[in-house]
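S.K.: Below you'll find the structure I mean.
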Amino acid sequence: MTTRWHTLRWRVLVSVTILLSLSLTQVTEGFPFVFNTNRKVINWTVPEDNWEIHSVPRSITPHVELKKYPNRTNPDPGQSDEEFLARLRNLKRNDTMARMLWYDTTPDGLSYPPFVDKALKLFNLKQVAFEIENSVMSKVSCTACKAGAGLLQHYIRAGKTKGEIIKLIYEFCVNLNIQSPRVCEGVSTLFGSEVIYVLQRVNLGPDEICSFVIGDACGDVYNPYHEWEVIFPPVPKPPVAELSMPKEAAPFFKVLHISDTHYDPHYVEGSNANCNEPLCCRLSSGRPSNPNDAAGKWGDYRKCDTPKRTVDNMLEHIADTHKDIDYILWTGDLPPHDVWNQTKEENLEIIKETVRQMSEKFPGVPIFPALGNHESAPVNSFPPPYVNQVDISIAWLYDELDVQWRRWLPQSVSHTVRRGAFYSVLVRPGFRIISLNMNYCNNKNWWLLLNSTDPATELQWFIYELQSAEFSNEKVHVIGHIPPGHPDCLKVWSRNFYRIISRYESTITAQFYGHTHFDEFEMFYDPHDLSHPTSIAYIGPSVSPYYDLNPGYRIYYVDGDHDTTTRLVVDHESWIMNLKEANLYDYPIWYKLYTTRAAYNMKALRPVDWSNLIDEMADNQELFDLYYKNYWKNSPIRPVCDAECRKRMLCDCKSGRSHDRKHFCQDVEAKVDDGSSKSWKSWLYRGLTNSYVQLLA
């Protein structure tokens, strides 16, 4: 499984342009889909960027003073508090509350004009929408992308104004019931201007554009404008020593990881949770058609984000339950999913409000934030520094982040935060945290079509920081939002990042991301020796239940300050709130879902241990089922996972490099296929044996 959100822009623009192109053939007497992709409308070149990495101030003084917790004990390896929940389930059911929990997911039927039916059969628009939402692309989505990009380029070259193109997109979006009129209007206005601006300035055809954005599913089209490699210093990689097991009873850091809050200030209990828009549970969603469609008090499993009361309750629970937190990792995505209706001002207000919440609930606790893809307006829009016009520059966001993050970060990071929302902080002697802006690998960030070569010089700066850390014998934790192996990350960016991780595997001891909303992990291997795991990326669960999920967060125990510290994650716990129970009893309970080493019988959490776990899950169906339950945060409405689903999920775990699944996944897929074959043969043998015995009886 992969993510199913923040894809509204693609869904509308691609779908609309496909249908536009098909309808156009009927009114232009067979318009030939031939586009002059070599003709430039605007002579545009990338402005020079003279940023000097060596001149940037560095954090060289330890930033965190550890507090003393005399009653602190080692991590509890116990299991979850299922017994307590079981007692609640035995209470008398309240039907008036239960109405918020059960619902009919069958969508209403849609009728289309005859030519649209023809278009749907030809392009299989539903499959396109499914693939885009799940970030699992095929040739169907590739064809749709090429048709849409080609048509937009045709209109641009034909001299259509921006207003005319946006109006056409809006009209077809409404007429074909792709979204509600207000969603169509918001998306076409917010995203249309940006896409047109970029397409006016690129010298790429639909093949290059779609291969760049979609990846391998759209062919590996060579594109010299988007082929680049970072430069490593002339320092040989030090010999890699085998990682030792962390010492038992050694000092540790207790670390909270919060991600994807998606706080919705307009959430309303009892509003329609089953609306026909990308985000529901608001007054604007209308009244529910029946009691089952009413939004729950503490949230909803359908396409709804997090109410303020749930965020407050979670933070109060964490502050009361985990009084000995040493620092917090906060990996982004604060605003809700109403991406058609967002403004810069509203997103900034949500950022400020959430920062205030965190500061009030955790006074004196250092917080290390990373930027999500939803913080910008429009979503996914992160122009590189050379795009400095006032109306389209990203300075409105980065400057405010510098102001807000300054509550927790040293002044030395201000320069890089304002440039690209990334920074490096020395946390303790010999231990550093580097926060990356992963939106510069986001393939839904249209600005990267102009020039994807190391946007904001972030990766080259990253190498400089890692090399300096290596010289200083520091260990590094990397935090960000989009996991580098996720399909949302550009192939060329991810490939370069993967090389960096391999080169500095002795320095980087853990990575932490969010974005997917699931509870999972991602592996990195030596590019020249796939039997040698180099790093582990922890992907934290979302606070938002969007969608079909329980809210959750993680606690990590990191090897602390002592002479032989590894700075590895020693263990971690995932905590959730059962949303169904919370709405049923009007009493949210946060409980520990699992502790990793106890749940998966792991001796340690080194990269080799995680790699071994993947192999074990390929052979052991029961172990995989446990991982699948935790992956979905024990959601009561999680779908069944068949053999193909199992292969996809294990491949996701193995792929720290995006759009390269064939390279990493053949062995684990073969194991699953072999196991499925054995299981089928065993079932058939048992069935025939039982039948034979019954005949003899």
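Glycine is no exception: its Cβ is also placed from the backbone N, Cα and C atoms.
Since we're looking at a predicted model, the values are computed, not measured.
Take a look at what TrEMBL says about it:
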- 1-30: signal peptide (SIGNAL)
- 138-222: domain 'Saposin B-type' (DOMAIN)
- C142-C218: disulfide bond (DISULFID)
- C145-C210: disulfide bond (DISULFID)
- C173-C184: disulfide bond (DISULFID)
- D260, H262, D333, H517: Zn(2+) 1 binding site (BINDING)
- C275-C280: disulfide bond (DISULFID)
- C281-C304: disulfide bond (DISULFID)
- D333, N373, H481, H515: Zn(2+) 2 binding site (BINDING)
- C441-C489: disulfide bond (DISULFID)
- C641-C645: disulfide bond (DISULFID)
- C651-C665: disulfide bond (DISULFID)
S.K.: Can you tell me the CA-to-CA distance separating C441 (disulfide bond) and D260 (Zn(2+) 1 binding site), as a whole number of Å?
M.R.: 18
S.K.: What subset of the disulfide-bonded residues C173, C184, C304, C489, C641 lies within 10 angstroms of H517 (Zn(2+) 1 binding site) at the C-alpha level?
M.R.: none
S.K.: Given the recorded positions D260, C280, C641, which lie within 10 A of C304 (disulfide bond) by CA-CA distance?
M.R.: C280
S.K.: For C275 (disulfide bond), which of the listed recorded positions (C142, C173, C184, C281, H515) have their CA atom within 10 A of its CA?
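M.R.: Cα filter at 10 Å returns C281.
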S.K.: Summarise the domain 'Saposin B-type' (138-222) by DSSP state, stating how many residues are helix, strand and coil.
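M.R.: Output for the domain 'Saposin B-type' (138-222) reads 64 helix, 0 strand, 21 coil.
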S.K.: What is the number of other Cβ atoms found within 10 Å of the Cβ of D260 (Zn(2+) 1 binding site)?
M.R.: 27
S.K.: About how far apart, in whole Å, are the alpha carbons (Cα) of C218 (disulfide bond) and C145 (disulfide bond)?
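M.R.: Distance (Cα to Cα, whole Å): 9 Å.
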S.K.: Given the disulfide-bonded residues C142, C210, C280, C489, C665, find the one whose Cα is closest in space to the Cα of N373 (Zn(2+) 2 binding site).
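M.R.: For N373 (Zn(2+) 2 binding site), the closest Cα among C142, C210, C280, C489, C665 is found at C489.
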S.K.: C184, C281: which of these disulfide-bonded residues has the sparsest Cβ neighbourhood within 10 Å?
M.R.: C184
S.K.: Express the distance between the Cα positions of C142 (disulfide bond) and H262 (Zn(2+) 1 binding site) as a whole number of Å.
M.R.: 30
S.K.: Looking at the binding-site residues listed here (D260, H262, H481, H515), whose Cα lies nearest to that of C184 (disulfide bond)?
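M.R.: If we rank D260, H262, H481, H515 by Cα distance to C184 (disulfide bond), first place goes to H262.
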